[in-house]
């Protein structure tokens with residue numbers, strides 16, 4: 001080979017390596033299944049074809065017919081390997097090493113296949129990872145388009161990792177599929193874990209096979225796999241969606257130049273960014289002693305779980321300055337005479353460490369939930385009464401070589417749709433066969449009808465549904481459209497809990513109460529239909545929302561609102577009394593809100609103008625309602641349609657958030673967002689949500705920012721009659737604020753009546769809500785606190801101050817000990833119903849270890 005040829009060959013190889021990085025240790029492998037060519041994902045990671053590793057079994061390769069917008073990369077999701085019989089991959093490994101295994105699933109439409117028929121088992125060597133698994137049902141339940149399952153496989157005596165896919169024999173035409181397989185050799189990061197509730201007993205995690213359930217950057221932002229440590233490409237998610245109760249505490253952040261010193265553990269345990277942020281209870285020790293930080297997670301019961309808590313102190317430097325108790329499912333992990341003391345464990349600040357705790361979860365100990373609670377300890381009379389956490393990982397341990405949990409159960413409505421689909425297929429087949437033999441057709445038809453009636457009986461039964469399922473009736477993945485009309489022909493199918501929590505009205509009752517839906521009783525019109533003023537039980541005033549059969553909103557939104565509102569009770573959320581779903585009509589019955597919508601009092605109205613103080617109080621009430629949805633309910637709820645017509649006011653000027661037909665449950669165990677069809681109202685719609693079709697609670701924050709400017713300026717969110725730059729209120733107000741002439745566009749009725757400091761605080765809050773990046777927007781807790789503070793400033797200026805903000809902190813960034821502090825608002829206890837008080841404060845405020 002000539003010198004020039006060698007150089008050309010070297011440069012060619014070098015360019016290839018730059019595009020496709022080599023395996024870091026000779027043991028890492030990423031397979032793009034169903035493709036014949038090497039490719040790279042968005043992070044330039046190389047994905048190889050899977051063909052040479054597929055050793056047994058017949059298979060076909062397929063390409064998805066639709067690319068979901070939530071897919072960050074087509075690799076490895078758009079191609080798949082399909083198995084109609086058992087098949088095995090054999091991947092060479094170093095058997096004496098632990099390995100990360102990731103399985104990538106995209107349950108899309110593949111030509112000639114019905115993804116709902118895909119049920120299969122996956123085994124890695126002798127460990128069952130998935131059993132009778134349906135990626136379609138799981139993604140539908142999680143309201144996302146794709147799924148990644150991650151496992152940490154213990155060392156073995158085999159130098160080959162055999163991954164076997166077996167279609168289920170319980171379903172006709174069942175098949176298995178896989179889009180991507182990733183195998184990464186990793187150092188041994190596990191040892192023993194203290195068994196919670198048992199003194200001096202441990203679980204051996206070093207020999208265990210584990211499934212990664214949750215991996216959280218507590219108090220910080222998402223950390224993508226490309227920024228992980230040790231080459232393990234793990235993704236760390238923000239913890240806020242998993243915080244239970246309204247108390248978010250404060251988020252802490254070390255200064256940029258703060259150094260993390262890995263003295264006592266390998267860097268691959270967690271990246272430095274995990275230890276540079278934290279969440280603590282806050283600066284008020286008196287409040288902290290009466291409350292705690294609580295996280296809640298949904299898991300599979302009858303397994304042992306390892307909770308790895310990451311700690312690093314970057315503020316304090318002495319022992320006994322901050323000590324705290326740790327409880328897991330109300331059992332003591334660290335408390336009494338051995339509370340947690342980070343400096344006591346590490347010796348100095350800047351040194352990261354972790355603690356592993358193991359707990360077995362069954363019906364008698366948590367059921368399908370794990371709660372982690374932290375509260376200050378008074379043992380030793382520490383200098384500060386506080387607790388803090390930097391990171392959290394939760395792993396499921398294998399039981400008798402099994403890690404497989406059940407598929408989530410479909411909602412009653414989803415189950416009914418499956419029955420309808422199957423019954424139609426059965427009728428079609430019966431008709432075809434009938435053309436060949438009438439007697440046989442009658443027999444088959446009878447059998448089909450019997451099966452159908454049995455399945456309908458199941459629908460009416462008490463169907464246990466996994467508690468982390470999305471709100472019933474919502475679209476399951478982006479690109480999915482409802483096939484259910486707006487007319488209810490067969491009645492709704494609600495969970496027993498929802499049906500038991502609200503009243504079911506007969507259609508004659510509704511017609512009598514609204515004078516047969518007389519137009520003179522119409523008090524509003526929305527996307528769902530008309531809203532009527534009515535009377536029930538002789539004297540009780542109600543609002544009745546009647547569906548319009550031609551509306552785009554239909555059964556989905558109807559059931560969503562019932563399932564959601566029947567379980568929520570809060571001073572600042574409109575109360576659902578009951579519903580009616582008979583005679584082809586769908587009606588929702590609410591408490592009557594005497595003063596109507598907020599918008600009615602802002603512009604295009606003959607009603608008296610609202611004072612600035614009253615507007616602030618209404619904004620605060622609405623913020624409390626949204627804050628409760630995001631953090632105070634059992635699971636994060638995203639409203640998705642926040643606007644001034646969905647904020648109602650009662651006769652005492654108490655604001656209540658309404659209209660939950662588009663609401664969705666928030667981020668789940670596999671990500672920090674929900675992938676969904678974009679819905680909402682133009683003018684209020686979060687542009688980031690519109691672009692990415694990824695929904696978070698920060699989308700509500702954006703919409704609320706528009707509401708705040710609407711309150712201030714008394715003009716619509718969109719006004720096409722104005723010059724182009726003024727059409728969007730959000731854009732126009734932001735532009736005026738940046739130029740320093742915001743006062744020129746505020747409501748003329750308010751000019752000269754708003755304290756300057758109050759106006760600045762209010763406008764700054766609205767501006768932060770409208771940040772282009774959701775990550776940079778405040779939480780609703782932050783918004784609530786700032787609005788309370790703005791009201792305090794106004795009352796001080798007016799000489800009418802009679803209340804203080806609900807928490808003693810500040811939502812501003814404060815320089816303190818080389819860190820930034822962000823205080824989240826704490827909602828008023830008085831805003832919760834007695835039921836809420838009992839549930840939250842009996843379990844959260846003062847947990848008792850067992």
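In case you wondered, yes, glycine gets a Cβ from its N, Cα and C as well.
Feature annotations, reproduced from Swiss-Prot:
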CARBOHYD  114  N-linked glycosylation site
CARBOHYD  132  N-linked glycosylation site
CARBOHYD  292  N-linked glycosylation site
CARBOHYD  302  N-linked glycosylation site
CARBOHYD  330  N-linked glycosylation site
TRANSMEM  430-450  transmembrane segment
TOPO_DOM  451-850  topological domain 'Cytoplasmic'
BINDING   523, 524, 525, 526, 527, 528, 529, 530, 531, 545  ATP binding site
ACT_SITE  641  active site, proton acceptor
COMPBIAS  839-850  compositional bias 'Polar residues'
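Distribution of Swiss-Prot features across the structure.
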residue: 114; record: N-linked glycosylation site; Cβ neighbours (10 Å): 12
residue: 132; record: N-linked glycosylation site; Cβ neighbours (10 Å): 16
residue: 292; record: N-linked glycosylation site; Cβ neighbours (10 Å): 24
residue: 302; record: N-linked glycosylation site; Cβ neighbours (10 Å): 11
residue: 330; record: N-linked glycosylation site; Cβ neighbours (10 Å): 16
residue: 523; record: ATP binding site; Cβ neighbours (10 Å): 16
residue: 525; record: ATP binding site; Cβ neighbours (10 Å): 12
residue: 529; record: ATP binding site; Cβ neighbours (10 Å): 22
residue: 531; record: ATP binding site; Cβ neighbours (10 Å): 21
residue: 641; record: active site, proton acceptor; Cβ neighbours (10 Å): 23
For residue 525 (ATP binding site), the one of 114, 132, 292, 641 that lies nearest, given that the recorded positions are compared by Cα: 641
Integer Cα-Cα distance in angstrom, residue 531 (ATP binding site) to residue 641 (active site, proton acceptor): 17
Coarse DSSP state, helix versus strand versus coil, of residue 292 (N-linked glycosylation site): coil
Candidates 302, 523, 641 (recorded positions) - the one closest to residue 330 (N-linked glycosylation site) by CA: 302
Alpha-carbon spacing, residue 641 (active site, proton acceptor) to residue 132 (N-linked glycosylation site), which is rounded to whole Å: 38
Nearest of the recorded positions (292, 302, 523, 529) to residue 114 (N-linked glycosylation site) - Cα to Cα: 302
Between residue 302 (N-linked glycosylation site) and residue 132 (N-linked glycosylation site): CA-CA distance (Å): 18
Stretch-averaged pLDDT - the topological domain 'Cytoplasmic' (451-850): 74
Nearest-integer angstrom distance between the alpha carbons (Cα) of residue 523 (ATP binding site) and residue 292 (N-linked glycosylation site): 44
